[in-house]
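First comes the structure, then the notes that go with it.
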There are 2 protein chains.
Amino acid sequence: MAKFVYDFTEGNRHLKDLLGGKGANLAEMTNLGLPVPPGFTITTEACRHYLTQGTVPDGFEQEVEEHLAALERQMGRTLGQADDPLLVSVRSGAKFSMPGMMETVLNIGLNDESVHGLVKQAGGNDRFAWDSYRRLIQMFGKTVLGIDGDHFEHALDTLKGDRQDTDLAAAELQALVETFKGIVREQTGHDFPADPREQMRQAVMAVFDSWNAPRAILYRRQERIPADLGTAVNIVAMVFGNCGNDSGTGVAFTRDPGSGHQGIYGDYLQNAQGEDVVAGIRNTIPLQDLERLDKSSYDELLAIMEKLENHYRDLCDIEFTIERGKLWMLQTRVGKRTAAAAFRIATQLVDQGLISLDEAVTRVTGDQLAQLMFPRFDTGAEKKKIAKGMNASPGAAVGKAVFSSERAVELAAQGEEVILVRRETNPDDLSGMIAARGVLTSRGGKTSHAAVVARGMGKTCVCGAEELDVSTSERRFTAPGGVVVTEGDVISIDGSTGEIFLGEVPVVDSAVVEYFERGGVLQEDGRDREGELVRAVDRIMRHADATRRLGVRANADTPEDSARARRFGAQGIGLCRTEHMFLGERRQLVEDLVLASGEQERQAALDALEPLQKADFIGIFRAMGDLPVTVRLIDPPLHEFLPDLTDLSVKVALADAGHGEVSVKDRELLTAVKRLHEQNPMLGLRGVRLGLVIPGLFAMQVRAIAQAAKEVPGARPEIMIPLIAAVQELEAVREEAAAILAETGVDALIGTMIETPRAALTAGQVAEAAEFFSFGTNDLTQMVWAFSRDDVEAAFFSRYLELGIFGVSPFETLDQEGVGRLVRLATEEGRAARPDLKLGICGEHGGDPGSVRFCHDVGLDYVSCSPFRIPVARLEAGRAALSENDSDSR
Amino acid sequence: MAKFVYDFTEGNRHLKDLLGGKGANLAEMTNLGLPVPPGFTITTEACRHYLTQGTVPDGFEQEVEEHLAALERQMGRTLGQADDPLLVSVRSGAKFSMPGMMETVLNIGLNDESVHGLVKQAGGNDRFAWDSYRRLIQMFGKTVLGIDGDHFEHALDTLKGDRQDTDLAAAELQALVETFKGIVREQTGHDFPADPREQMRQAVMAVFDSWNAPRAILYRRQERIPADLGTAVNIVAMVFGNCGNDSGTGVAFTRDPGSGHQGIYGDYLQNAQGEDVVAGIRNTIPLQDLERLDKSSYDELLAIMEKLENHYRDLCDIEFTIERGKLWMLQTRVGKRTAAAAFRIATQLVDQGLISLDEAVTRVTGDQLAQLMFPRFDTGAEKKKIAKGMNASPGAAVGKAVFSSERAVELAAQGEEVILVRRETNPDDLSGMIAARGVLTSRGGKTSHAAVVARGMGKTCVCGAEELDVSTSERRFTAPGGVVVTEGDVISIDGSTGEIFLGEVPVVDSAVVEYFERGGVLQEDGRDREGELVRAVDRIMRHADATRRLGVRANADTPEDSARARRFGAQGIGLCRTEHMFLGERRQLVEDLVLASGEQERQAALDALEPLQKADFIGIFRAMGDLPVTVRLIDPPLHEFLPDLTDLSVKVALADAGHGEVSVKDRELLTAVKRLHEQNPMLGLRGVRLGLVIPGLFAMQVRAIAQAAKEVPGARPEIMIPLIAAVQELEAVREEAAAILAETGVDALIGTMIETPRAALTAGQVAEAAEFFSFGTNDLTQMVWAFSRDDVEAAFFSRYLELGIFGVSPFETLDQEGVGRLVRLATEEGRAARPDLKLGICGEHGGDPGSVRFCHDVGLDYVSCSPFRIPVARLEAGRAALSENDSDSR
């Protein structure tokens, strides 16, 4: 028979799937001999049964009853026993911590009788007993019965007046209980349940049901947590922090989650229950001060913290309660930390001999490394923090507050640096967002329009700063404490922390970037800025490089970018775009090409471009030495090099009406632009199609590449044909290119982008004509989803994130189910057809931490990304190799 | 050991894979006891070995030598024997007839000695012998040695002067042989090979090599013939039609390929070899007249033809030669026929008891039925045919010839009907093609721009009429015989036959369409126009309907189209688009919707649309009775309902400059159009995205559908959500729609289009939320290939057809390798998730004969197509069901 309930003595920390995170760690601590109140855990399996079948499994209630009876025997009291009640807390705990789910109901077992028994237990402390009772009704009412918490808060506030909650007398609290019971009756039409077992039963079911609360569903979608895991429920004997001044409750970290340094970090609140610390209803005291209040508990806590850190081999965070001088551990888990702390802690633990370097690499993430590469506010500087919002897009931005896009554009045009402040943004704010250094909103979460677009632009953004009262019409916002910021006032926003500061905070460049810019070597004199951090990064990067299987190349198309890419550790160029080489002054030549009326004129335009192209390639080949350089032949539609249809039409129409003048060439261009105008240029004449329709265009590029390679000893060009959908297209171009290479005596691989679904679906055929594939996952994502990346800022995109249709933009992180399925299929079928086929990826996903692991898993040879993302990709590639067999890591 | 050579007595007609079509049928006739000259066939397997390995297989030459020796023994002569030579022909013959391959070399075995032996054999007819010799050198030089045929033609023409070839004397032909040998020496640097076995060897290798001639490769790509089949080679003892007036050669049909009627159809040419009939160097005589010339051979031929037709149970075409009064059969095959003949012959053969009705259905094609549904020229009318081109897009068009697009547009605007005549068309001719009734070009094949675009538009087109000399600058063309057509002259073109007529030819509606318009019933009085044909169609359609498994629905969105669809046999509506319901006068309401500044204004605009939508649906439901009607919620981007950005920008800019006026609404619209402007609307805010972004839009449509269904008893609406890429999109809309249905008490399936690759790739998930899938293969093709259907007319598309990158536009016939793979995958995974999932297709492919079979094979429940294609789809569905186990049929 299935077992649905585990005593804390039966579990351990590896059973998170079954017992949830909280339950597994309570069991672990119990087995370590730490002072955990007795209790048991109802498994996620029971929850899953309830959610799918609509009822609890057979025998479930009996099993719970047996465990409760055992708990009662152990405690020598029965649940809600009138004269000497056992009270319990009911706490949810899923595998992954999940806001949006019901969390905790304390003090279950109290009713009008047992409250008197609690008075007795507490040595006549009737204030404590009634306080506990009102807390039960309040929490139960809110989380189990679904009553709006404001009703209770309002009644409590009315009673308190200006006093603190600890100032309330027992009689007052007793009256409050009656008031609260009235609220329950009024709001639900039923009395508050007096039966202790019924209280517990309802609370357990409420935890089960909360798995499917809308907020929980949304959160899971966004975080890509499977919808069918279910949650566990922990039933724990109550211990009380609210028995008087010899009691209290607190949270602690085994080391500083901000810096990683060892020491005493935490907060303590006397005479309080757990939720009071979080709610911030009274001021907490620093954990150190507990030594003064209760030396024995303090020493015991420190010893336990050391034991936990050595046991978990990582920073732990802890919840504890002291009941009349007795310490109880209520929760522990591996604690969150800042990016810098993550690197420091990982290497510190290596030095302490607690973990290996392998493990250290898996303890840090590419996202954390990326955060360390942004400029940040000077930690030493004086700062006036006025509010905090959500850290939507990292970076540190300083500028004058402006409240409209128009004003942002206007001031930016005058050379001013501005921060665009809006209640929320919409597509009309795009120009303002582009003009601003950073974006600040008072509404909307990490998937709001502002957040999504800012991340897409790499622009600093703090969103959802709800403490701010923004008035765009009055061009000002008000922060807590009455601070008013009006248009033109300078503010500073930290996109990595969500903090908002008044005035200019000095910004410092990233010491980690400086390290990478030096080619990833430490200063010989050991005087690196932020030396501890940089040395930690250095150790971890070296080990990641030593262990990774995936190569890392760069997307770079200038000698400067190529050189930087090399310094940052690129093992070649995976994507050298040739489009920019047709812009600027050369646009003129492209116009000649388009306007060419015959073979001769066209060839003349191409001949003029060839030496320029050759020079471009020489520069890049020199920068890359003997590393491979994959050059993509020209991809985008011709009209991108031409004037805009609407602008030119207006200009010509006005000239025709006698306003202004246009040249003959402008008129010719308008005809050409009209001819080339496409409804959907992304789906039009571009890539290989251009090469097949304009004779000589690709040949000119291939010749320039070959000639350049001849002049740079050791150069290793690779020629990449863009946007094929059928092997026949590739064959046609390949033949011409191979002939030119043979003629020049240059050796180069010829391969193709896989960026249309059809190229992936027919990869077996395509591989017959390609020596390498490079997945162009930007285009592939566009085609697979049927939406244009150019139009990502369109209204529907942020709406989709809000609706949870995707948790993250598929242009940021590779969509494994759709796009990824094609990548996998093409990899398998391409390799089957040509076993030595080289495989890479060169979409933006190549530098995205969440996507690099997929690339590793699917067996690609390399990822290619922008130079600044190279360290991130190297680290993630190392992590992927190290955690290959660790399916549990997320 | 493998066998690479088959004597004619060893093969049979079922061995086409191995012996090719010609060899298999020669063997069949030999075994039927018909007078076939002895010979043998070299297999396609030998050819494949040669093509892949570069050499003939081991033992191959010996095997050929043995068969040749056997032939020599049988004939009592050796190949090229000086005093009494055996001569042979070498004829290629692949499984599928393939222009572009080498076809035939006659008279192999002749040289300067054996020519005298041939004189002796022919009883001293030296003219015949020298004529045969010069033919050998000419054909061998051209097809085996690759010499430009003009060299020989020129020498022959010079010699003939005004005479016919039969007027040439023996001495003249002998001199011509010397001239031809000189040409060979000059063009190849080698003498014409005198060794008979060497002649034969070279000819066989040349046939092998011709498999990979560029034209053959191109042809295979276009016709989708596998590239690795190889060709067989037939070695046949020569018989001579050029021995004098008691000899000759001819072609014949066992019944009229134009009408299907039984009778004597064919042509005969006295004193000639095979190629002379085709080349048309002298006038042939009708086959009937052979009776007068050679009654015995004539009677024998008729008996053989009857025997062949009964044996093949189909119309056969035949090549024969009479050598001094003795009849020889050189080839037979199942003959091509017109569409009308195909239907008539199929039912006639049923009546004759030769084939079953099942087989009759497989003997006709959807393409043939489609041809019968076009209006055609009155067969009884006087016609002046002036030239013939390629039948590029069927139909009969009459109009004034015009030679430029501008003129076409101009005259069409005046209400004139015009035919656009061009040397070839390019994208600039698009407006002219739209304005014209038909298009005629003198250059380019069936894949040229004119042909592709015309077919896409359903416009009549004759292309590549190379006999015409078109001068666009002089606005006229000249036809053979000096006929000059100048601008404004009326011409008539037949897109089904490629014929071009001077003047107006009366057009008659299709009798087959009349039959379908009557609901597919014959007139009670039996007086149907073209009664024999209509009765044949009726029998075949009834049997196709009785046997097919695939349902056929219509794409229709008006009551009129719905009613016609029903008459044409639709079993429901598979795609009712709602877009047109927002056009016309209602455009105003859409503008209000777009300009709505708040919830209230938006709802007002929707409320105004709802009763109009409801009325739309009532009309359609009434027309369809109790058949299902799948309504697709609105799909295209909003801006399609708004004015054009460029036009409106110009208008406003001109007004600002003081030219003309614009309303306030126009200015508001311009702002909105700019806001909604997308780079790639096909990949933008459309389909389900619109529904999720504009609250209330889909709800309004669903409510209108439900309300309409309540008013029409028996109505069976199905609601289809367009353009989803993730199941979450479907879930969001489904929930809202289901609530409205429940509220109204209307029962309707809710399903989705599968038209993005991602919807197909995640079909298992999507099926959890969809009761049906309808594959939108138009969009799916766009996304899979990454090109826009709107831009199909773009330059690259016809270029791709020319390059053979696709043999047929993937928008015409479903691309099975790319798009089809996704359809198959989604079908399998969708059904696995929901076994009763209904599956259909509603792209244009639903009515394409080549795609219907795929839909049947993949296991769809129905295809949906435009009303006029319904009979075609019904027929093809029947054929697919009947030929399920017949993998050989193409």
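The backbone N, Cα and C atoms fix where each Cβ goes, and this holds for glycine too.
Where the annotation comes from TrEMBL, it is an automatic prediction and has not been curated.
For the substrate site, TrEMBL records A:ARG577, A:GLU755, A:GLY776, A:THR777, A:ASN778, A:ASP779, and the single candidate of A:ARG518, A:ARG632, A:ARG689 listed with them is A:ARG632. Within 8 Å of the Cβ centroid of the substrate site, not counting the listed residues A:ARG577, A:ARG632, A:GLU755, A:GLY776, A:THR777, A:ASN778, A:ASP779, the chain contributes A:LEU575, A:ASP635, A:PRO722, A:MET753, A:SER774, A:PHE775, A:LEU780, A:CYS842, A:GLY843.
Other C-beta atoms found within 10 angstroms of the C-beta of A:ARG632 (substrate binding site) number 27, with every protein chain shown included. Across the range of the domain 'Pyruvate phosphate dikinase AMP/ATP-binding' (A:291-343), the DSSP-based residue counts are 26 helix, 17 strand, 10 coil. Taking 8 Å as the upper bound (exclusive) on CB-CB distance to chain B, the recorded positions A:THR777, A:ASN778, A:ASP779, A:CYS842 give A:ASP779 in sequence order.
Distance from the CA of A:CYS842 (active site, proton donor) to the CA of A:ARG577 (substrate binding site) is 11 Å. DSSP states for the domain 'PEP-utilising enzyme mobile' (A:416-498), grouped as helix (H, G, I), strand (E, B) and coil, give 21 helix, 29 strand, 33 coil. Packing around A:HIS449 (active site, tele-phosphohistidine intermediate) is summarised by its Cβ count: 26 other Cβ atoms lie within 10 angstroms of its Cβ, all protein chains included.
In this structure, the C-alpha atom of A:GLU755 (substrate binding site) lies 10 angstrom from that of A:CYS842 (active site, proton donor).
Candidates A:HIS449, A:ARG632, A:THR777 (recorded positions) were compared with A:CYS842 (active site, proton donor); those inside 10 Å Cα-Cα are A:THR777. Under the DSSP three-state reduction, A:ASP779 (substrate binding site) is assigned to helix. Across the domain 'Pyruvate phosphate dikinase AMP/ATP-binding' (A:17-56), DSSP helix (H, G, I), strand (E, B) and coil residues number 25 helix, 4 strand, 11 coil. Under 8 Å, Cβ to Cβ, and six or more positions away along its own chain, A:ASN778 (substrate binding site) finds A:GLU755, A:ARG789, A:PHE811, A:GLY843, A:GLU844, A:HIS845. Residue environment of A:ASP779 (substrate binding site) contains 24 other Cβ atoms, counted within 10 Å of its Cβ in all protein chains. Distance noted between the C-alpha atoms of A:GLY776 (substrate binding site) and A:HIS449 (active site, tele-phosphohistidine intermediate) is 26 Å.
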